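Peer 1: Take a look at what TrEMBL says about it:
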type	residues	note
BINDING	Lys68, Val69, Lys70, Thr205, Asn318, Phe319, Arg320, Lys338	ATP binding site
DISULFID	Cys129-Cys181	disulfide bond
DISULFID	Cys140-Cys163	disulfide bond
DISULFID	Cys146-Cys175	disulfide bond
DISULFID	Cys236-Cys248	disulfide bond
DISULFID	Cys288-Cys297	disulfide bond
CARBOHYD	Asn203	N-linked glycosylation site
TRANSMEM	31-50	transmembrane segment
TRANSMEM	360-386	transmembrane segment
Amino acid sequence: MAPQWCRFVIDAALEYDTPKIVHIKSKKVGIINRLIQLVIISYIVGYVIVYQKGYQEFDDVVSTATTKVKGVSYTNLSNVDPANLTVDDTTPYDRLWDVADYVIPPQMHSSFFVMTNMIITVDQTQGKCPEDPGMFGANCTVDADCHEGEAIVAGNGVATGKCIDNPGYNNTKTCEILAWCPVERDIKPGPRKDKPVLYEAANFTVLIKNSVSFPKFDFQKRNILDSSNASFLRDCRYDSKDADLQFCPIFRLGDIVKEAKVSAGEEVDFGTMGFEGGVMGIFINWDCNLDHAAEECKPHYSFRRLDNPEAKIAQGFNFRFAYKYKINATDEYRTLTKAYGILYEVIVTGQAGKFSVIPLFLNIGSGLALLGLATVLCDIVVLYVLKKREYYKENKYLYVDDLEDVPSENYRNLDKE
């Protein structure tokens, strides 16, 4: 058994296959062969070279983006029915808001935050006061429930070891803490979940200045087109349905949210999003064919909500910041603001292409190689599908012995022939 196996391996190793051209006069096989060749050529020319621009080399975009928000609003909650408010004192909310108040921080890298809703706690100073009963571990019945020196988990301060009445909540005792007092009461001022305090922020505008370059081609461009002038830039507002205004770099914040879609495709409401906060993506895509005029390289804008509005917990976007001040030389106070709002992320993508013979020849070469696939497929049809496959097999393959193994008499006969 072993010698037979060894001989098989040796024979296989010492054999050589060379192509043999067999001209088959079959209309069926000929049509199949030409159809396959036509499909391959159409794929290479139509899809790879023309549609995918296989005659170009490409470069990815290098980008920078800056933003400038404008807009003012006056809020006056004192005119709202007290039955519809959750705060006793509306004074902190009855005020004028300008860009220095609601854009926090003033500058960010390729993004900006606009505060739309807030919880304001004024005149806090460091001292002792009862913890918010909404904090885990803050409620107590006796002093032993409050461990002196320990911080309340996710709370506002460090326990003093005393359990005291909380004047803001009837018949409720909480641990006394060392903290900025009075502590924040984490309740938004209005009950309507579709109308934040700064609902008018929908009418604010943002100017986005985006500069892009394609280093391989030494090409630069801005989203403020050369065809624009000062008056156009002053008065225009982005409108995706207008041939000219679709390239305006000034956007109304409400329009950005209105045009955005979440993953399921639902429309996004500015008031609802602004109440709890969220993250909005402003996508700028540059798809430039540098074989054409530079003026034809223009940005395309699209918008999408990036956070999940259906999240069960930790929904929205918020953070806290404080403004500190002194009434006299020693007493330090602060105003604490829990800011809810929309974080706008400017995301720039793009690619530029330009004619080059190298990718063109590479794609043509790969296409010629693919034409060999037609022969392989036709061989399969001829040898395994057609009724006369056995006949074709006999004529397709020719087995020739080594000339040294041919008897001398036969060899001489071959020479005579």
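Every residue gets a Cβ built from N, Cα and C, even glycine.
Walk me through the surroundings of each of these features.
Peer 2: Cβ neighbour count for Phe319 (ATP binding site): 14 (other Cβ atoms within 10 Å of its Cβ, all protein chains included).
In the three-state DSSP reading, Cys129 (disulfide bond) counts as strand. If you take the C-beta of Cys129 (disulfide bond) and look for same-chain residues 6 or more apart in sequence within under 8 angstroms, you find Glu176, Ile177, Ala179, Cys181, Pro182, Val183.
According to its DSSP assignment, Cys163 (disulfide bond) is in a strand.
Take the CB of Cys146 (disulfide bond) and look out to 10 A: across all protein chains shown you find 24 other CB atoms.
Sequence-distant neighbours of Cys236 (disulfide bond) (same chain, six or more apart, CB under 8 Å from its CB) are Asp244, Leu245, Cys248, Ile250, listed in sequence order.
Under 8 Å, Cβ to Cβ, and six or more positions away along its own chain, Cys288 (disulfide bond) finds Phe214, Phe219, Lys221, Glu296, Cys297, Gly350, Gln351, Ala352, Gly353. The secondary structure of Cys288 (disulfide bond), as reduced to three states from DSSP, is extended strand.
For the recorded site, Asn203 (N-linked glycosylation site), the DSSP three-state label reads helix. Within the same chain, residues at least 6 positions away in sequence whose Cβ sits under 8 Å from that of Asn203 (N-linked glycosylation site) are Gly71, Ser73, Arg252, Leu253, Gly254.
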Peer 1: Measuring Cα to Cα, how far is Asn318 (ATP binding site) from Cys140 (disulfide bond) in Å?
Peer 2: 29
Peer 1: What is the number of other Cβ atoms found within 10 Å of the Cβ of Val69 (ATP binding site)?
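Peer 2: Val69 (ATP binding site) is surrounded by 19 other Cβ atoms within 10 Å.
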Peer 1: Would you work out the biggest C-alpha to C-alpha distance among Lys68, Val69, Lys70, Thr205, Asn318, Phe319, Arg320, Lys338, the residues that bind ATP according to the record, and give it in angstrom as a whole number?
Peer 2: 24
Peer 1: Just to verify a number: CA distance, Cys175 (disulfide bond) to Phe319 (ATP binding site), in angstrom, no decimals.
Peer 2: 25
Peer 1: Lys68 (ATP binding site) to Cys146 (disulfide bond): how many Å between their Cα atoms?
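Peer 2: If we compare the Cα positions of Lys68 (ATP binding site) and Cys146 (disulfide bond), the gap is 49 Å.
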Peer 1: Run through the Cβ atoms and count how many others sit within 10 Å of the one on Cys175 (disulfide bond).
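Peer 2: By my count, 29.
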